[in-house]
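Visitor: One structure, pasted below without further comment.
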Amino acid sequence: MIPQRRPRLALGPLTYYWPRAQVFDFYEQALAWPVDTVYLGETVCSRRHELRSADWLELAARFAAAGKEVVLSTFELIESDSDMRTMRAVAENGRFRVEANDMGAVALLAGRAPFVAGPFLNVYNAGTLALLAESGAMRWVAPVELSASGIAAVRAEAEHAIETEVFAWGRLPLAVSARCFTARYHNLHKDRCEYRCLEDPEGLLVETREGEPFLVMNGVQTQSASVQNLAPWMPDMARLGVDVLRLSPQASGMSEVVSVFAQLACGALGVDAAGERLAHVANARTCDGYWHGQPGMARVAQPQ
Amino acid sequence: MAAVDNGADDVYLGFRDETNARNFAGLNFDEASLRKGIDHAHARGANVLVALNTYPQPGTWRRWHAAVDRAAALGADAIIVADAGLMRYASREHPKLRIHLSVQGSATNAEAINFYHERFGVARAVLPRVLSLAQVEKVIGRTKVEIEVFGFGSLSIMVEGRCALSSYATGESPNTHGGCSPAKAIAWQERGTVLESRLGGVLIDRFDAGESPGYPTLCRGRFTVKGETYYPFEEPTSLNTLELLPKLQAMGVTAVKIEGRQRTSRYVETVTRVWRSAIDECATHPQRYRVHPAWHEALASVSEGRQCTLGAYHRPWK
């Protein structure tokens, strides 16, 4: 039997817009967390610039010095020339690995440097995975919709050796739009949004008219209101050979989330105990439907 | 047929399965009807574009290969593809088959479009409905690939190919199953004079007597944000760019895409006829072009919500 490798942990890109001091404070703490990889940079909105490129690069250098793999992520959606310039600067930074979240970024990286194929590239089959591997992808992040058996099937048919990363914790990034829903809520034009995203460190909660939390508006991005928690399925993920688990930053409790996943990954904590601790941190209902080929909002794991 | 007979240059068709993004019962073509459709179109000088614009799912993607082979064998003028792996297959196996990049492929910039052109010889790209006119013009200036834009139809608020809202609630989305908000996940319930619509059990909207209930698509639902109930994502409106035609023409847009599938033949006839007249008039007299009120009236009679918008083409849009 092939020994199972311990899945590594990655801190995903920060999806929210926080004041500059809060971002630095968050990453100051993260330097000490047991994560192997850190994804840095703005992926959601080009108007968010509490941190400039130089700030992100400085953070990247600090994480690299702390012995962590650093990956700079590109925008999920490219609309303007300035988006393009930013993406080009990230892709051609010359030092740090890049996560491509748009085929335009893949075009810039192809044949130049090994890169991560981000979750927005829509890799649903081995043919697309092969194209990305041939272009230089060393890892792919599965689309959030893909189930465990889907991931297994893509891996089984893959023509190339390539690492697999799974979105294991956090609010699911479900959609991206040309419209800014936060600006719309405040009745502002997108181009004059007054940076209102700063008011809601975990986005704006969208409830049904029955008061059920359903989605979260985060500028041009829409997320799930439930927190996807795949911790109970750690044994599955290890068996499948998932290489990296992505933990998506939230405003509170991330230190505990990372700690629980790290103990779970090395076997120091059981699935039940981990579930109990994470239920306290989630600050929302948890879900794991996608992993089982069900609606993403479904919860298959029993509540602890 | 309604589209071809009323002046469409190109028509989109799909096979009757999940290989295209309008995978609904009773819609689309089997092999015999597709062959007939292609003959009909070709006899009148129109092109048939076969939509294979979903993402082949793991383990079953030979079905998509077979669909590409079938489209080639039937003499399709082009295939519309979203998935990069499928383009790779098509360009290897059928090097003469013309490939169009589907809007579901989410290419919003020239770098992405040129990548598909260099790798697979993609001849035309359909832009997602997220760019302003100036941004569309820039993309056109930076690529040899023909550009097609959306002209008329429902306004998808999320970037095509980057929306999993439907699968979050129902398990099926355009990327995974070729459709959004599947009918089997919908439930209607009357409570006194109020009608409720649900999708995957989630309350999407509540209609009072006198309100006309819309199809319960997630992004067109009424929800509550900080105590305020409204359409947080989108009102039920249609995109209509008739008035932009001279600009689109001047900047070198090759084709205007008009939503026609999953529609009645009256809709297809009306919309095609209006747009044919408008495009012809704009081509002959671009300076004198103006939108005839009769065109607007005709389109409004078949549009959803009777409200029209220029969408993202118009920058102050919110």
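Placed from the backbone N, Cα and C atoms, the Cβ positions cover glycine too.
Pulled the feature table from TrEMBL, pasting it below:
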type	residues	note
BINDING	A:C45, A:C180, A:C193, A:C197	[4Fe-4S] cluster binding site
Visitor: Please work out the number of neighbouring Cβ atoms within 10 Å of the Cβ of A:C193 ([4Fe-4S] cluster binding site), leaving out its own Cβ.
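Guide: For A:C193 ([4Fe-4S] cluster binding site), the count of other Cβ atoms within 10 Å is 19.
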Visitor: Measure from the Cβ of A:C197 ([4Fe-4S] cluster binding site) and count the other Cβ atoms within 10 Å, all protein chains considered.
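Guide: Total other Cβ atoms inside 10 Å, all chains included: 26.
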Visitor: Same-chain residues six or more away whose CB lies under 8 A from the CB of A:C45 ([4Fe-4S] cluster binding site)?
Guide: A:Y17, A:C180, A:C197, A:G219, A:V220, A:Q221
Visitor: Other residues with Cβ within 8 Å of the Cβ centroid of A:C45, A:C180, A:C193, A:C197 at the [4Fe-4S] cluster site?
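Guide: After dropping the recorded site residues, what remains is A:Y17, A:R47, A:R48, A:T182, A:A183, A:K190, A:Y195, A:R196, A:G219, A:V220.
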Visitor: Note down the number of other Cβ atoms within 10 Å of the Cβ of A:C180 ([4Fe-4S] cluster binding site), including every protein chain shown.
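Guide: Result for A:C180 ([4Fe-4S] cluster binding site): 25 neighbouring Cβ atoms inside 10 Å.
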Visitor: Look up A:C180 ([4Fe-4S] cluster binding site) in the DSSP assignment and report helix, strand or coil.
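Guide: Where A:C180 ([4Fe-4S] cluster binding site) sits, the three-state DSSP reduction gives coil.
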Visitor: According to DSSP, which of helix, strand or coil covers A:C193 ([4Fe-4S] cluster binding site)?
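Guide: The residue in question, A:C193 ([4Fe-4S] cluster binding site), is coil (DSSP, three-state).
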